[in-house]
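What Swiss-Prot says about this protein:
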TRANSMEM  65-85  transmembrane segment
TRANSMEM  98-118  transmembrane segment
TRANSMEM  142-162  transmembrane segment
TRANSMEM  176-196  transmembrane segment
TRANSMEM  208-228  transmembrane segment
TRANSMEM  238-258  transmembrane segment
TRANSMEM  290-310  transmembrane segment
TRANSMEM  316-336  transmembrane segment
TRANSMEM  358-378  transmembrane segment
TRANSMEM  395-415  transmembrane segment
TRANSMEM  439-459  transmembrane segment
TRANSMEM  461-481  transmembrane segment
């Protein structure tokens, strides 16, 4: 923790002392004093726990609702792209689906996971009133993601050869590569979009992102109509439309935030500091990426396993319908997860562990209720939901049989997703990664393969495997959250944000030369920030 004391020391002869001074300027935490006074005020006023919980619930809802709207808009945009691919023909739909799956596995999931490494840094720094750290972390993350785009781009340029090597149809593989090449601008815009969203969300600023997403959705449909239907660019037009839409979203978001001055309290111009001092970010980004990818990739593996079952055409199609369904239901717990991660990070950064614990508790209760509602929804629409996507009787039968299992999965998925958000807010992404690895691949995968193939249950056996994974993940995550030492996490938050500041100050420490001019007596020759 940063030492609150300040010490000034002089050295050298009297002649030297008259010209220069050597200052050991220890970092002060005076900026925390208002927070401490507020905390004492809250503790002394004796407000009931229920009233505090209601207040916290309102704060979470205020954050989560616009995030959910944004996610639903993105879901709608994806559906529009799939619609235009389907209108082009079976070959284009298959190639586009393969390209999107490859892009998700090798690109979008990776960038999304790596960007989440900045979330605890930004939310805790904002709570600790270390505003400069927010923009510095934003700059570093953008540079980091741009660097990561280089190997991803190489993969995308060679997806045709990779797909043929994996025994995919050569025509489908060639078209998939075309789609991905024209999606590269979209990949690059994500290196800006993800960090900006997190930078704003850490400050509780959500509405600009929602407005930008809504504007993008309005822009996306005419862009597809113009490029695909009018110019007849085919599959290439769908990819270009997605790229142009995201460029429009980023431009709208940046212009809106800049014009409204929302960036002003925490903004600093980019400097060479964004090219160094990456250690704290990398320590959080790596495990965050692993955690996201382990869960994201599971669903892609499920599609591959469906292709090995009897009548793969129907099982793969039914799995696609159900994954679209669970993606829709996932919008709500994931939005709550982002909200609770921000709130927990803010409170720990402000050194309010009791409030952080209350936030986590309220969010998990919300998640449990959300899971029950999702399960009831899945069960009630089991015989009708599939008709939105297809009229094939066999696909409809598979979908109707698996939807109740999907609903049970949501009872576990909602709490574990929100629990993962709590863990992210405490800057422990490696814990979430370990939980996902154990639950999905050491429990869920063996159960899915065993029931789906060895026991002969087939399609439903794969979904029972997912149910086992979600139950295990929820149980482990609740244990992690329940055993969290909140006082210790608050201290770690102070250390994390202070250590980042100290690292930058040490890097920038210089010895001032006084040969060419007089040095003001109040200006130190060396300024050193010390972390105890």
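Each position is counted from 1, following the chain as shown.
Glycine is treated like the rest: Cβ placed from N, Cα and C.
Owing to the predicted nature of the structure, the values given are computational and were not obtained by experimental measurement.
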Hey, does the transmembrane segment (176-196) touch the transmembrane segment (316-336), meaning at least 3 C-beta pairs closer than 8 angstroms, sequence gap 6 or more?
no
Below 8 Å between Cβ atoms, which of the listed ranges 65-85, 98-118, 238-258, 290-310 makes the most pairs with the transmembrane segment (176-196)?
238-258
Could you tell me whether the transmembrane segment (461-481) and the transmembrane segment (208-228) are in contact, taking contact to mean 3+ Cβ pairs under 8 Å with a sequence separation of 6 or more?
no
Which sequence positions outside the transmembrane segment (65-85), separated from its termini by at least 6 residues, show Cβ-Cβ distances below 8 Å to it?
92-93, 96-97, 201, 206-207, 209-210, 213-214, 216-217, 220-221, 224, 228, 235, 237-238, 241-242, 245, 327-328, 331-332, 334-335, 338-339
If we skip the immediate neighbours and take only residues 6+ beyond the ends of the transmembrane segment (439-459), which ones have a Cβ under 8 Å from one of its Cβ atoms?
294-295, 298, 301-302, 305-306, 308-310, 315, 318-319, 398, 401-402, 416, 465-466, 468-470, 472-473, 476
